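Look at Swiss-Prot and you will find 14-42 tagged as domain 'EF-hand 1', backed by sequence analysis. Annotation comment: Swiss-Prot describes ASP20, ASP22, ASP24, ARG26, GLU31 as Ca(2+) 1 binding site. Residues annotated as domain 'EF-hand 2' in Swiss-Prot, with sequence analysis given as evidence: 44-79. Taken from Swiss-Prot, the feature Ca(2+) 2 binding site covers ASP57, ASP59, ASP61, GLU68. Among the features that Swiss-Prot reports, domain 'EF-hand 3' is placed at 84-119. Here Swiss-Prot flags 120-151 as domain 'EF-hand 4', drawing on sequence analysis. Here Swiss-Prot flags ASP133, ASN135, ASP137, GLU144 as Ca(2+) 3 binding site, drawing on sequence analysis.
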Amino acid sequence: MVVASAASPCESSALFATFDHDGDGRISAAELRLCMKTTLGEEVSDEEAGQLVASVDADGDGLLCEAEFVRLVQAAEVEEEDERRGTGLREAFGMYEMEGEGCITPTSLRRMLRRLGSDQDIDDCRAMICRFDLNGDGVLSFDEFKIMMNA
(Lines of atoms letter the chains of each structure in order from A and count residues from 1; the text may use other names and numbers.)
(Lines give C-alpha, C1' and ligand atoms only; values in the text may rest on other atoms or scores of the structure.)
Protein backbone atom coordinates (compact mmCIF):
# COMPACT_ATOMS: atom_id res chain seq x y z
CA MET A 1 0.00 0.00 0.00
CA VAL A 2 1.45 3.32 -1.06
CA VAL A 3 1.43 6.00 1.62
CA ALA A 4 3.69 8.54 -0.07
CA SER A 5 7.28 9.08 -1.07
CA ALA A 6 9.68 11.63 0.35
CA ALA A 7 13.34 11.62 -0.58
CA SER A 8 14.67 14.36 1.71
CA PRO A 9 13.95 15.78 5.17
CA CYS A 10 12.49 18.94 3.58
CA GLU A 11 10.19 16.86 1.42
CA SER A 12 9.22 14.81 4.47
CA SER A 13 8.30 17.96 6.39
CA ALA A 14 6.28 19.32 3.48
CA LEU A 15 4.51 16.00 3.05
CA PHE A 16 3.79 15.83 6.78
CA ALA A 17 2.30 19.34 6.65
CA THR A 18 0.10 18.30 3.72
CA PHE A 19 -1.26 15.33 5.65
CA ASP A 20 -1.67 17.32 8.90
CA HIS A 21 -4.88 19.12 7.86
CA ASP A 22 -5.62 20.77 11.20
CA GLY A 23 -2.01 21.86 11.73
CA ASP A 24 -1.75 20.42 15.25
CA GLY A 25 1.56 18.66 14.56
CA ARG A 26 -0.08 15.22 14.61
CA ILE A 27 -1.75 13.14 11.91
CA SER A 28 -4.85 11.22 12.91
CA ALA A 29 -6.08 8.09 11.14
CA ALA A 30 -8.87 10.21 9.64
CA GLU A 31 -6.37 12.76 8.27
CA LEU A 32 -4.22 9.96 6.90
CA ARG A 33 -7.22 8.33 5.22
CA LEU A 34 -8.45 11.61 3.72
CA CYS A 35 -5.05 12.64 2.42
CA MET A 36 -4.33 9.22 0.95
CA LYS A 37 -7.59 9.54 -0.99
CA THR A 38 -7.23 13.16 -2.14
CA THR A 39 -3.48 13.30 -2.68
CA LEU A 40 -2.66 9.76 -3.79
CA GLY A 41 -6.02 8.50 -5.04
CA GLU A 42 -5.76 5.49 -2.74
CA GLU A 43 -8.90 4.38 -0.90
CA VAL A 44 -8.31 2.97 2.57
CA SER A 45 -10.91 2.09 5.15
CA ASP A 46 -11.03 3.63 8.62
CA GLU A 47 -9.74 0.31 9.94
CA GLU A 48 -6.81 0.22 7.49
CA ALA A 49 -5.87 3.82 8.30
CA GLY A 50 -5.99 2.97 12.00
CA GLN A 51 -3.76 -0.06 11.42
CA LEU A 52 -1.26 2.06 9.48
CA VAL A 53 -1.12 4.58 12.32
CA ALA A 54 -0.80 1.83 14.95
CA SER A 55 2.03 0.16 12.99
CA VAL A 56 4.39 3.10 13.69
CA ASP A 57 2.76 4.86 16.67
CA ALA A 58 5.64 4.55 19.14
CA ASP A 59 4.04 6.55 21.96
CA GLY A 60 0.63 4.87 21.63
CA ASP A 61 -1.38 8.10 21.44
CA GLY A 62 -3.18 7.06 18.24
CA LEU A 63 -1.64 9.95 16.32
CA LEU A 64 1.47 10.29 14.19
CA CYS A 65 4.13 12.85 15.01
CA GLU A 66 6.47 13.79 12.16
CA ALA A 67 9.09 11.15 13.05
CA GLU A 68 6.44 8.41 13.16
CA PHE A 69 5.03 9.61 9.84
CA VAL A 70 8.50 9.46 8.27
CA ARG A 71 8.84 5.85 9.51
CA LEU A 72 5.48 5.03 7.90
CA VAL A 73 6.57 6.55 4.58
CA GLN A 74 9.89 4.69 4.71
CA ALA A 75 8.14 1.39 5.46
CA ALA A 76 5.77 1.97 2.53
CA GLU A 77 8.72 2.65 0.22
CA VAL A 78 10.42 -0.59 1.31
CA GLU A 79 7.18 -2.52 0.79
CA GLU A 80 6.73 -1.02 -2.67
CA GLU A 81 10.30 -1.91 -3.65
CA ASP A 82 9.77 -5.47 -2.37
CA GLU A 83 6.62 -5.74 -4.50
CA ARG A 84 8.47 -4.54 -7.59
CA ARG A 85 11.29 -6.98 -6.94
CA GLY A 86 8.80 -9.81 -6.38
CA THR A 87 7.08 -9.07 -9.68
CA GLY A 88 10.40 -9.17 -11.50
CA LEU A 89 11.34 -12.43 -9.82
CA ARG A 90 7.94 -13.92 -10.69
CA GLU A 91 8.51 -13.02 -14.35
CA ALA A 92 12.03 -14.49 -14.29
CA PHE A 93 10.70 -17.64 -12.62
CA GLY A 94 8.12 -17.94 -15.40
CA MET A 95 10.86 -17.87 -18.02
CA TYR A 96 12.54 -20.91 -16.45
CA GLU A 97 9.33 -22.72 -15.50
CA MET A 98 8.28 -23.83 -18.97
CA GLU A 99 6.43 -27.05 -18.29
CA GLY A 100 3.42 -25.59 -16.48
CA GLU A 101 4.23 -27.46 -13.28
CA GLY A 102 4.78 -24.39 -11.10
CA CYS A 103 8.41 -25.30 -10.52
CA ILE A 104 11.74 -25.28 -12.30
CA THR A 105 12.76 -28.78 -13.30
CA PRO A 106 16.21 -29.84 -14.48
CA THR A 107 14.75 -30.13 -17.99
CA SER A 108 13.22 -26.64 -18.00
CA LEU A 109 16.44 -25.17 -16.56
CA ARG A 110 18.47 -26.90 -19.28
CA ARG A 111 16.14 -25.56 -22.00
CA MET A 112 16.42 -21.98 -20.76
CA LEU A 113 20.19 -22.18 -20.34
CA ARG A 114 20.49 -23.43 -23.92
CA ARG A 115 18.40 -20.48 -25.11
CA LEU A 116 20.86 -18.26 -23.28
CA GLY A 117 23.80 -19.93 -25.03
CA SER A 118 24.99 -22.22 -22.23
CA ASP A 119 25.32 -25.92 -23.04
CA GLN A 120 24.78 -27.57 -19.64
CA ASP A 121 23.85 -31.22 -19.50
CA ILE A 122 20.97 -32.49 -17.39
CA ASP A 123 23.27 -33.60 -14.55
CA ASP A 124 24.73 -30.08 -14.32
CA CYS A 125 21.19 -28.70 -14.12
CA ARG A 126 20.28 -31.19 -11.38
CA ALA A 127 23.37 -30.09 -9.43
CA MET A 128 22.42 -26.41 -9.81
CA ILE A 129 18.91 -27.10 -8.55
CA CYS A 130 20.16 -29.28 -5.70
CA ARG A 131 22.07 -26.34 -4.17
CA PHE A 132 18.82 -24.47 -3.49
CA ASP A 133 16.30 -27.33 -3.32
CA LEU A 134 15.44 -26.95 0.36
CA ASN A 135 12.79 -29.68 0.52
CA GLY A 136 14.74 -32.19 -1.58
CA ASP A 137 12.04 -32.75 -4.21
CA GLY A 138 14.46 -32.26 -7.12
CA VAL A 139 12.85 -29.06 -8.42
CA LEU A 140 12.83 -25.37 -7.48
CA SER A 141 9.64 -23.81 -6.16
CA PHE A 142 9.19 -20.05 -6.46
CA ASP A 143 10.30 -19.59 -2.82
CA GLU A 144 13.47 -21.61 -3.45
CA PHE A 145 14.06 -19.62 -6.65
CA LYS A 146 13.81 -16.35 -4.68
CA ILE A 147 16.41 -17.61 -2.22
CA MET A 148 18.69 -18.60 -5.09
CA MET A 149 18.32 -15.21 -6.79
CA ASN A 150 19.08 -13.36 -3.55
CA ALA A 151 22.14 -15.50 -2.74
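Note that Cβ sites are derived from N, Cα and C of the backbone, with glycine treated the same way.
Put simply, GLU68 is the one of the binding-site residues ASP61, GLU68, ASP137, GLU144 whose Cα lies nearest to the Cα of ASP20 (Ca(2+) 1 binding site).
Looking only at Cα atoms, GLU144 (Ca(2+) 3 binding site) sits nearest to ASP59 among the binding-site residues ARG26, GLU31, ASP59. Mean per-residue pLDDT, taken over the domain 'EF-hand 1' (14-42), amounts to 89. Spatially, by CA atoms, the binding-site residues ASP22, GLU31, ASP137 include one closest to GLU68 (Ca(2+) 2 binding site), and that is GLU31.
Listed in chain order, the extra residues whose Cβ falls within 8 Å of the Cβ center of the Ca(2+) 1 site residues ASP20, ASP22, ASP24, ARG26, GLU31 are PHE19, HIS21, GLY23, GLY25, ILE27, SER28, LEU63.
Applying DSSP to the domain 'EF-hand 2' (44-79) sorts its residues as follows: 25 helix, 1 strand, 10 coil. The secondary structure of GLU144 (Ca(2+) 3 binding site), as reduced to three states from DSSP, is helical. The separation of ASP24 (Ca(2+) 1 binding site) from ASP61 (Ca(2+) 2 binding site), Cα to Cα, is 14 Å.
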